[in-house]
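Chemist: Right, I'll just put the structure down here and ask away after.
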Amino acid sequence: MSAKIGVITFPGTLDDVDAARAARIAGAEVISLWHADEDLKGVDAVVVPGGFSYGDYLRTGAISALAPVMQSVIEQAGKGMPVLGICNGFQILTEARLLPGALTRNKGLHFHCVDAHLVVENNTTAWTNTLEKGQQILIPAKHGEGRFQADAETIAQLEGEGRVVFRYTDNFNGSVNDIAGITNETGRIVGLMPHPEHAVEKLTGPSIDGLELFLSAVGTIAA
């Protein structure tokens, strides 16, 4: 039986179609989830994709974190369901308190659209276990509010527990400690600002490195 991966759509979501395609290429059955859904339809994992949900009003991700679908995601994540937050999805996961820290305006206050080189720091999560620790991957990034920040105690905890998953080699947005992605205590929830779903096919991406995150999830579900 194929892994069932749910992909959420909020008003203002942009990258749900690409995330769904990436999951399908990885061999998953994709289930579309609407922001007003309370029923997760039996999915094994959830992707919270990028975009500008609710127009980024109040704060990026703040309104989406209160949506009915996210209340169900929070409940199931507490039971171990793998969750991936990409860009705006990462922002939503921090607002929902599924991940610590906050994503704030980039240094220089500019929107950046670049192909980002990342170093894999943790390859034991549900979304990175087909990668190698220390491996460099290339996936696109596009955001104006992707500067990861947290208090010193939280940063020390993330570093000490090995919960930094990805680091930028060229820290264009000013994130603390070059952090591009993190995980929770269990390694089942991962958030990152760059877009792995845009790097799954040679025709359209700078690489196919992003596909590994979806393959990892499919393998985790099957295990």
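Placed from the backbone N, Cα and C atoms, the Cβ positions cover glycine too.
Residues or ranges marked as domain 'Glutamine amidotransferase type-1' by Swiss-Prot: 4-223. The active site, nucleophile feature in Swiss-Prot is assigned to CYS87. Swiss-Prot lists HIS195, GLU197 with the feature active site.
For the listed features, I'd like the structural context: burial, neighbours, distances.
Modeler: DSSP assigns CYS87 (active site, nucleophile) to coil in the three-state reduction, placing it in neither a helix nor a strand. Around the Cβ of CYS87 (active site, nucleophile), 29 further Cβ atoms fall within 10 Å across all displayed protein chains.
In the three-state DSSP scheme, HIS195 (active site) is classed as coil.
Other Cβ atoms within 10 Å of the Cβ of GLU197 (active site) number 29 in total over all chains.
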Chemist: Near the Cβ of HIS195 (active site), how many other Cβ atoms are there if near means within 10 Å?
Modeler: 24
Chemist: Taking just the CA atoms, what is the gap between CYS87 (active site, nucleophile) and HIS195 (active site) in Å?
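Modeler: About 7 Å separates the two Cα atoms.
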